[in-house]
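Here the structure is laid out as structure tokens; the discussion comes afterwards.
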Amino acid sequence: MKGFRCSARHGYAVEVSPFLPNRLACATAQYYGIAGCGTLFVLEQRETDVQLLRSFDWNDGLFDVTWSESNEHVLVTGGGDGSLQIWDTANPKGPIQVLKEHTQEVYSVDWSQTRGENLVVSGSWDHTAKVWDPERFQSVCTLQGHEGVLYSTIWSPHISSCFASASGDGTLRVWDVKSGSCRMAIPAHKTEILSCDWCKYDQNILVTGSVDCSLCVWDLRTVRQPVAQMLSHTYAIRRVKFSPFYKTVLASCSYDFTVRFWDYSRSPMLLDAMEHHSEFVCGLDFNLHIPNQVVDCSWDETIKIYTPPCFAALQEVAS
């Protein structure tokens, strides 16, 4: 396991570059995001350690980060001041653009993976999602409908102009940007939903992670009840991610200080629980380039890079 310490900064989100297998970025905040500024760390993993390439400071906490899908140097972060910041790792002076329309914290940002579509979606505590063209200085559209804070906004990897959102109102919603409307609202949990993600292999499958400590897998064709429900976490689930390598495998991180790995096609569904942090684990990502490698970040001021032991067994079964 490799690690990096971001001193006096508490990790909120981490994402591996879609272009460079050893590059990752972490969005952090001072004082647990309650006050103070934020720092974006751009890191390079080497054979035995993790090296700082560049860090960017912002005057408020940074709660999420997403890499550009069209330029390997560009990233977007979401801040506590309601703005999105666009950064260029080749430009050390600060953000190349600041997009300010949200009236409260931006808790989620995601860059569209659909070919030919250069859009960013943001989710805010002001109950709205906004879609942005990074080439322009204003949002393309604002989508309203949630009755609570938006914690997660994730583009579909399959369908253009389509994203999902998870909210404090307990619903999972699917949006069509072209029509500017909500296509589906699923009352997925009775408590706040802090995260959602799309399956990489099936355009109808999503997962939600909630304050009720459960993960639920949903099939958009039959939403009366979840396809699977996973219980094992002891506190709120902060982030969920589907594996890019296995259709039914996913990861979750939680305020119970753990990262857990699941396969909802198996019994039992829990594959592994990793306990290598001493605070809330908020950020989580799979490396698209290095099979089964996972990165995470925590309020304990550390970023970890590792391969969960359970994935070695999955690889053996697959081969």
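Yeah, the Cβs are placed from backbone N, Cα and C, and that goes for glycine too.
Note that TrEMBL annotation is computational and uncurated.
Features as listed in TrEMBL:
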type	residues	note
REPEAT	65-88	repeat 'WD'
REPEAT	99-133	repeat 'WD'
REPEAT	143-185	repeat 'WD'
REPEAT	186-228	repeat 'WD'
REPEAT	230-272	repeat 'WD'
Lying 6 or more residues past either end of the repeat 'WD' (99-133) yet within Cβ distance under 8 Å of it, the residues of that chain are 18, 61, 63-70, 76-86, 139-144, 146-157, 159-161, 163, 165, 167, 175, 177
Residues from the same chain, set at least six apart from the ends of the repeat 'WD' (143-185), whose C-beta lies under 8 A from its own = 107-114, 116-117, 119, 121-125, 127-131, 191-198, 200, 203, 206, 208, 210, 218, 220, 223
Which residue counts does DSSP give the repeat 'WD' (99-133) for helix, strand and coil?
-> 0 helix, 17 strand, 18 coil
Go ahead and report the DSSP secondary structure tallies for the repeat 'WD' (230-272): helix first, then strand, then coil.
-> 0 helix, 22 strand, 21 coil
